[in-house]
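Participant: Here's a structure for you.
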């Protein structure tokens with residue numbers, strides 16, 4: 001519980017000690033720690049802090065997380081600037097100041113916000129560390145602009161952090177050595193634990209949003225400082241801040257999906273694109289003398305996506321929705337100025353972004369941490385929509401649950417479709433073949449179409465969407481390769497044949513995806529089909545046979561289909577019902593996905609789900625359930641109609657009869673006198689386990705209430721009986737009574753080892769499936785012949801997960817007794 005807090009605070013202390021030594025030695029001729037070495041050490045510590053922040057302690061989750069991740073970003077950018085200084089890229093004092101100040105200004109304010117909230121919420125140690133690092137950054141800014149400020153003031157502030165960290169370390173050591181008897185004030189991390197554990201369950205809170213907002217401050221600061229005259233120029237030395245912010249923003253985007261916050265995750269994905277584009281633009285002197293120009297259509301589309309996202313975010317939190325409008329203004333300002341980031345208009349909006357992000361960070365951090373909240377109008381729109389019969393907000397614990405099974409992530413398809421829109425409109429710019437980098441296209445295509453789409457594909461895969469994830473990942477690879485090749489000027493007439501061969505290979509893969517989407521839905525069919533048109537335009541351009549206007553038409557079609565999918569995914573994630581449906585599958589086969597509309601799916605981890613399955617079985621239904629081995633199809637013994645239904649739904653072969661499962665021998669207690677004593681003792685010793693015992697059929701079967709349907713269970717001479725070693729299954733049998741069981745697959749096919757396979761094979765033939773992901777074992781149970789156990793002999797119909805030797809050992813122990 002306390003380990004990650006200890007790692008985080010001691011990591012901050014170690015970095016502060018390095019910086020204290022650096023600043024104490026600064027007036028000397030040579031630095032005590034070389035710049036490159038200091039930069040590398042700060043990068044190592046920043047990765048340690050990022051780990052500690054994400055794997056946070058439960059007690060001070062939001063504040064500790066924000067502090068660790070903020071200092072981690074700070075030292076990541078700071079370290080790279082030191083490395084650039086050590087390698088001579090940023091060589092003179094003026095350049096070093098221009099490189100450092102935008103980051104220092106941001107983190108002075110950001111850490112001050114964390115310190116204020118820390119003091120208000122009585123997190124004294126965290127607040128002291130944040131305020132000391134904030135003061136150190138402020139003193140360093142002053143030191144760069146005035147010789148009256150010495151570097152020793154900065155070093156003193158970092159020494160305060162070291163002392164606080166040392167106090168914390170001493171407190172933790174004492175706490176462990178004295179077996180929790182001595183705890184220095186502020187170091188007992190176990191206090192208030194129960195309160196903090198209960199708090200997050202009251203509603204999904206995105207603790208990572210604060211760090212995302214601070215990253216927006218950082219990128220805005222780089223361009224805002226230039227406008228306000230704080231820095232003299234925009235140059236390569238400021239790229240570390242922008243790209244550190246971009247990389248961390250993608251991380252925050254993923255973590256926001258973990259926090260089940262689709263809208264903020266999408267927003268952070270969008271802003272990461274702008275950060276990478278900003279950094280890319282500052283690198284222009286490497287390949288050309290003039291500042292690059294910006295494609296207007298792309299930025300107009302980007303602003304429209306921000307508007308749509310702002311509208312949907314307003315439904316959840318009006319203040320967050322208003323904040324997004326600042327980014328709408330930013331995209332419009334970039335579209336209105338051909339030189340984009342380098343002109344005063346966008347830089348003016350950057351100042352507004354900085355101020356708005358700082359305010360939002362304060363509001364978010366305070367509201368997550370404090371009991372009294374700053375009003376953000378969260379309930380207002382919800383109350384208005386409560387009276388609407390047309391639109392109803394999605395709510396509840398299963399809001400982000402995938403259709404099948406479980407996922408630690410919310411659905412990222414919204415971001416995937418949005419990235420398709422952005423990438424398609426970015427390539428409407430033809431550009432100059434002689435100067436391909438003169439127009440900023442690569443960041444939009446590579447980051448939006450490539451990196452973020454890879455992220456969407458990975459999340460889709462984690463949610464069990466195999467086809468969607470395959471398509472997103474394939475398209476991401478295509479955008480990255482083609483974006484770099486076409487807009488980086490990497491291919492010419494000599495390489496056009498090789499490019500064409502590669503594109504044809506992609507088209508073959510995409511053809512397979514188009515075929516598969518026939519079984520998914522109409523929207524995905526058109527989405528994959530229009531991408532095929534784009535691939536054809538790439539091919540025609542590679543072989544220099546592109547008809548005029550074809551590429552624009554193909555990209556517009558793909559962009560519009562992607563935009564519809566984006567809106568549909570947004571609507572479906574926020575509202576109940578399907579306002580903008582994705583459509584049904586074009587081709588439907590019986591049994592393949594048949595359960596999508598008819599068959600109920602319920603998560604096995606919930607007791608309410610097991611109760612619901614029990615009710616279905618009691619009412620004569622048949623269900624697919626997980627066990628200690630593979631998935632099985634079950635029916636209640638006391639419902640003969642259900643037993644018969646289960647037999648017919650399987651097309652059960654006579655040589656593969658159904659078996660009987662119980663939860664304890666008490667369920668057979670009334671018929672105990674009908675079993676041989678040795679057999680009864682053997683059953684007691686062998687169960688619960690994946691061992692099915694084939695016992696002689698007798699009058700005891702009549703106690704189960706199967707009536708005429710008993711002929712479908714076992715053979716005329718015997719029945720296989722088992723108590724499964726699975727708490728979910730035995731709890732279900734406790735609720736229903738004895739059940740009849742058969743494997744959840746058509747006769748002759750392989751065993752079913754995932755609830756997805758139950759849907760695929762028997763989806764339209766069962767009433768419900770209890771979903772528990774992959775089976776713990778892929779091997780079926782061991783089936784033991786006990787019909788002649790009285791003579792001391794047993795046989796084996798099937799040796800499964802339990803080996804023969806283990807079964808014989810159990811029998812030997814029973815016989816000895």
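In case you wondered, yes, glycine gets a Cβ from its N, Cα and C as well.
TrEMBL entries are annotated by machine, without manual review.
TrEMBL feature annotations, pasted as is:
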- 607-802: domain 'YrdC-like' (DOMAIN)
- 7-26: transmembrane segment (TRANSMEM)
- 63-84: transmembrane segment (TRANSMEM)
- 96-117: transmembrane segment (TRANSMEM)
- 124-142: transmembrane segment (TRANSMEM)
- 208-229: transmembrane segment (TRANSMEM)
- 322-342: transmembrane segment (TRANSMEM)
- 414-431: transmembrane segment (TRANSMEM)
- 437-455: transmembrane segment (TRANSMEM)
- 467-485: transmembrane segment (TRANSMEM)
- 497-520: transmembrane segment (TRANSMEM)
- 525-546: transmembrane segment (TRANSMEM)
- 552-575: transmembrane segment (TRANSMEM)
Participant: Taking a Cβ cut-off under 8 Å, which residues six or more beyond the ends of the transmembrane segment (467-485) line up next to it in the same chain?
Facilitator: 413, 416, 420, 423, 427, 441-442, 445-446, 449-451, 453-454, 456-458, 460-461, 491, 499, 502-503, 506, 509-510, 513, 516-517, 520, 524, 527-528, 531, 535, 538
Participant: If I count Cβ-Cβ pairs under 8 A between the transmembrane segment (414-431) and each of 96-117, 124-142, 208-229, 322-342, 525-546, which range comes out on top?
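Facilitator: Looking at each of 96-117, 124-142, 208-229, 322-342, 525-546 in turn, the most contacts to the transmembrane segment (414-431) are made by 525-546.
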Participant: Short question: most Cβ pairs under 8 Å with the transmembrane segment (7-26), which of 124-142, 437-455, 497-520, 525-546?
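Facilitator: Answer, by Cβ pair count: 124-142.
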Participant: Residues sitting near the transmembrane segment (63-84): Cβ under 8 Å, six or more positions beyond its termini, same chain?
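Facilitator: Same-chain contacts beyond the ends: 5, 8, 11-12, 15, 35-36, 38-43, 45-47, 49-50, 52-54, 56-57, 90, 96, 99-100, 103, 107, 110-111, 114, 117-118, 121, 123, 126, 129-130, 133, 137, 207-208, 210-211, 214-215, 218, 236-237, 240-241, 244-245, 248, 365, 369.
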Participant: Let me know the model's mean pLDDT on the domain 'YrdC-like' (607-802).
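Facilitator: Per the prediction, mean pLDDT sits at 85 for the domain 'YrdC-like' (607-802).
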